[in-house]
Amino acid sequence: MEGAHGANGNMGGTQEDYQVEIAVVEVMHKVVSPPPRSSLDKIKVRLKETFFPDDPFRHFKGQPPKKKWILGAQYLFPILGWAPTYNLSLFKSDVVSGLTIATLAIPQGISYAQLANLPPIIGLYSSFVPPLVYSILGSSRDLAVGPVSIASLIMGSMLRQAANPKTDPYLFLQLAFTSTFFAGIVQASLGIFRLGFIIDFLSKATLTGFMAGAAIIVSLQQLKSMLGIVHFTKQMGLVPVMSSVFHKTDEWSWQTILMGICFLAMLLLARHVSMRRPKLFWVSAGAPLTSVVLSTLLVFLFKAQNHGISIIGHLKSGLNRPSWDKLLFDSTYLGTIMKTGLVTGIISLTEGVAVGRTFASLKDYKVDGNKEMMAIGLMNIVGSCTSCYVTTGAFSRSAVNHQAGCKTALSNIVMSMTVMFTLLFLMPLFVYTPNVVLGAIIIAAVIGLIDVPAAYYLWKMDKIDFIVCLCAFLGVLFVSVQDGLAIAVGISIFRILLQTTRPNIVILGNITGTDIYRNLQHYNDARRVPGFLILAVEAPINFTNTTYLNERITRCIEEEEDVEDNEAGLRFVILDLSAVSTIDTSGVSFLVDLKKSMEKHGLE
């Protein structure tokens, strides 16, 4: 007012002569009905948000027909997106990375096939055809495809219940190929029908515990080759394995133990060096193949096969043989085959998609999860018909591929061509390769799956998640691999149901001097408002929790009325539903009944 008075010198009077009248106007923002839509439109929108949240066809809108055909072809075959602009600089990087991961893929392929109780040559077959298929259909630039330890272990342990790989190897091979076919069907179906959210039930807590338990079981299984034991248990649990180890001390071979310890120490040292100095990633990548070469030379020069060290033996040269005629759909084995295909398919799919997304985020590009599922599924379907067992994107190989500077999926093609050259010309060189070194390679590879910091983080952040992790870990160790996974998934689903049926309800209070209301238990400055009970419901309201909510709210009202210092008496009950995302008809009826009940007790 003084500024206005000075600016208008002809105005007389003092500040007290002027009075400003302020009127408080109450503004009401009414909720309006959304634009009218037919029931069919509502269903369409709901289905689209459920199965197509990423709207994969948005790029097709407004495009001419020719452009739509090109975009469609690129969507189905991502190789058409990067191949036209490929150049020599990219080729050099992909060749280096492809050759690098090949040095890791060859010994791992042989090792993991033995882990699945399959002939070693199947592991090399599985490192040849699937990478070629993925390079055409896959959208990840960094994913290196091949057999993985966990899926190999699960397949070997589950199929062993139906057939003995020692006494009936041909039947076991048929079951492995057919299980791979079913795994591919499951994976491709999840992608085609946009059901990728199913793999989200394997939470990080579940996978952390499962991977750690499986890594220990895989490592313990290698004690057979590391100690030179001939008659080893066929069971996978911790107790039977350790029992078999200490009941067969007469079969231990000191030569085998010495060689195993030396090469395991070499592999672990190489891994440690690469972890401490990421630029030396090639040390860890090349260590497995170096171990195979050195151990093979030692066995050949000293005739170690005659002194208690078992060797792989003769491997047939040549490329993958057709195996569609070996697919077995006999009703006797169909249940085992489908269960094995489902479990190995989900596990390998989860690993592949997670690895692809991890490295995509590091390079700032997008990986379509549903396209990856289709690519991995079709890859395994083709693989089952070409003498391959279940494959996916392995973390260790993908990490090496990423560190080696891969630019496109051509690195998979280079790796595949290197494996093809090995299959055609280098197979006789593996005759004297000792099994103990393959065991050491597996142990060194799976040790990285034991993530202690992740388990500690779960303990600090969420005790229930840690319990899920621990149950998966102990279930795998003491029951079985598949049952341990099922237990952890069951507990996770039970927790989700518990959160839905027993939603959190908190009492809010006013933070002094503000119009902010917060949980009384979390904020010391929050104070109860006399005469008011403010309750916040922190979950959707539906038929599964209305009874619980009614009982819980009634109890809160009774406890509030019993508070001695509440001189004004309880008059109002306020429900803060800002955290309630959805409510069904049962929830609406619950609120109506609650209002009537409050009115009977003289509450608003």
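The backbone N, Cα and C atoms fix where each Cβ goes, glycine too.
In TrEMBL, annotation is done automatically, which means it is predicted and not curated.
Given the structure is predicted, the values throughout are model-derived calculations rather than measurements.
TrEMBL has this to say about the protein:
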DOMAIN    522-604  domain 'STAS'
TRANSMEM  171-193  transmembrane segment
TRANSMEM  205-232  transmembrane segment
TRANSMEM  252-269  transmembrane segment
TRANSMEM  281-302  transmembrane segment
TRANSMEM  373-396  transmembrane segment
TRANSMEM  408-430  transmembrane segment
TRANSMEM  436-459  transmembrane segment
TRANSMEM  466-494  transmembrane segment
With pairs restricted to those 6 or more apart in sequence, evaluate whether the transmembrane segment (205-232) and the transmembrane segment (436-459) have 3+ C-beta pairs under 8 Å.
yes
For the domain 'STAS' (522-604), how many residues does DSSP put in helix, in strand and in coil?
32 helix, 15 strand, 36 coil
What residues elsewhere in the chain lie close to the transmembrane segment (436-459), defined as a C-beta under 8 angstroms and at least 6 residues from its ends?
107-108, 110-112, 114-115, 149-150, 204-205, 208-209, 211-212, 214-216, 218-219, 222-226, 228, 256, 259-260, 263-264, 267-268, 271, 287-288, 291-292, 295, 309-310, 312, 395-396, 465-466, 469
Does the transmembrane segment (171-193) make contact with the transmembrane segment (373-396) through 3 or more Cβ pairs under 8 Å, each pair 6 or more apart in sequence?
yes
Within the predicted model, mean pLDDT of the domain 'STAS' (522-604):
88
State the non-local partners of the transmembrane segment (252-269) in its own chain: residues 6+ outside its ends, Cβ under 8 Å from one of its Cβ atoms.
225-229, 287-288, 291, 294-295, 298, 304, 307-310, 434, 436-437, 439-441, 443-444, 447
